[in-house]
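Q: Have a look at the structure that comes next, please.
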Amino acid sequence: MTAHDLAVDLFTSAQSRAIDQRAMRELGIPGFELMTRAASAAYAMLRRRWPASRRVRVVCGGGNNGGDGYLVARDALADGLAVDLIALDPPKGDDARRARQAFEALGGVAKPLSAWGGLAPADMMVDAIYGTGLNRAPEGEAREAIEAINAARAPVLALDVPSGLSADTGACPGVVVRATATATFIVRKRGLYTHQAEVAGDVELHTLDLPASVLEAPDARLLVAESLPPRALDSHKGSNGHVLAIGGDHGTGGAIRMAAEAALRTGAGLVSVATRDQNVLAMNAARPELMPHGVDGPQTLQPMLDKASVLALGPGLGQAAWGHALWTTALDADKPTVLDADGLNLLHSEPRALPTKTVLTPHPGEAARLLGMSTADVQADRFAAARALAARFHATVVLKGNGSLIASAEGEVSVCPWGNPGMASGGMGDTLTGIIAGLLAQGCEPYHAACLGVGLHARAADVAAQDGQRGLLAGDLLIPLRHLVNGVDA
Ligand SMILES: NC(=O)C1=CN([C@@H]2O[C@H](COP(=O)(O)OP(=O)(O)OC[C@H]3O[C@@H](n4cnc5c(N)ncnc54)[C@H](O)[C@@H]3O)[C@@H](O)[C@H]2O)[C@H](O)CC1
Ligand SMILES: [K+]
């Protein structure tokens, strides 16, 4: 049994249900007991985060998520709060029915959604409509209730999963509760950390005191903050690798320059740029450390390839004859390679074997082209898409986006918990490419270089975004990046 760390282990909905069942069957913990523990953990969280709340409105669905809601409402009544409970459907299961009876035993009265408009304003909303059981877009009264919760001016505590968010994929098939915070039970569901998962707000895990024996191998893991170890004292520029950044056709040199800068700031010993963009070539005097060289084709590229230990291939490369010729020659060199941007587009038009150590860094659209599906299909199940791409090219894949995923060729998946919307700006992808190449150059294996690189990139962006997300530029990441990669407080 692999070592567990519930702080970072992520599970699918099916795994979560299997763990629930194992707790009931093998440990003999009744479902109602689990529900009771879930509710008391959620209520304690409510009181801790909103100690001044006096009137709570709980919206219950007909399943066990609703059951949790009845018991939160029961706890709130017992604690002297005013409670309005809206029941969208009668409880289907025994545990949920029992939970409703416990609520009513304290004088609680479940009301229909039609009563919503006549209720006194609540200072707190509890979303107990759907949890891991969501199986399609909310419709009818569930949809109306979700829209009413979102329209209210009160903070929202979601139980287990915000209703309308898939616990499996982080996709929202329809309307979704926008929660201020989510109390998730027993294990972290992987859909709470990628794609549209920002609707969960602050996620708090409550394990309900279950022993590790009910667990199983997680489906994925959250990245943890890490840096590179201090440099060896006898380190010299040759011992930290040589990144060759290849790209920048006429007039599109900015991207490859960003990648080269990032590789330098990540600590690569040497970086050189193979390009034919005049602006980058003109930088030689001002920025000798970028060592830009004009290349007109494979012949002039080859001696640079021979000296390089790692390639960053694709930014600004274009897909015309020049770019294609360099792309083919570079991949034939079988050096550890980060393939990005046009390097990925060329792979789509000419699928081929890749270097043994390759990291692909597609955004959802590039992944969709490589997989022959729509971008919507990729986003509908990012975990499956990242795994499929990694398996197809037997490479490490970074599927960028909210909650970037890193998949190894062997099917491991890590999820990035950092980052912000300010990152949706030009050059961010090129910077990531350079960071990963810089880590490969310093001896990281592909999957580790991709995980560490994605984490450093997003954490640097979060530090830089402290001055505002709008106007965040890729270059703003380079100073915090240097602090973070060295483990220095940024
Ligand atoms: N199982 C346990 O011991 C524990 C479960 N906990 C909570 O239970 C939910 C999961 O409950 P479940 O009954 O499986 O499903 P939901 O309550 O999430 O959904 C109810 C029900 O609704 C149907 N449904 C789903 N989507 C739709 C839709 N769009 N439109 C209409 N109907 C829909 C579907 O049939 C579902 O069964 C889990 O999240 C926890 O909150 C306890 O917390 C811990 C113990
Ligand atoms: K919910």
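Placed from the backbone N, Cα and C atoms, the Cβ positions cover glycine too.
Just so it is clear, the model here is predicted, and its values are computed rather than measured.
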Q: For the K(+) site that TrEMBL describes with N65, D127, which of these is also annotated: S40, S163, S166?
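A: Site partner of N65, D127 for K(+), according to TrEMBL: S163.
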Q: Looking at the AMP binding annotation from TrEMBL, with K400, G401, N402, G403, S404 already listed, which candidate in G372, G429, G434 is the matching residue?
A: G429
Q: Return the members of D127, S163, H363, G403, S404, G429 (the binding-site residues) with CB less than 6 angstroms from at least one atom of ligand 1, or none.
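A: List returned for ligand 1: none.
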Q: Among the binding-site residues N64, D127, T132, N135, D160, H363, which ones place their C-alpha within 10 angstroms of the C-alpha of K400 (AMP binding site)?
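A: So the list reads H363.
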Q: List, in sequence order, the same-chain residues at least six positions removed whose CB sits under 8 Å from that of G429 (AMP binding site)?
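A: The list for G429 (AMP binding site) reads P315, D340, A341, T361, H363, K400, given in order along the sequence.
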Q: Which binding-site residues are spatial neighbours of D127 (K(+) binding site) here, meaning Cα within 10 Å, out of D160, G401, N402, G403?
A: D160
Q: Cβ atoms within 10 Å, counted per site: which of G67, G401, G403 has the most, among these binding-site residues?
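A: Counting Cβ neighbours within 10 Å, the top one is G67.
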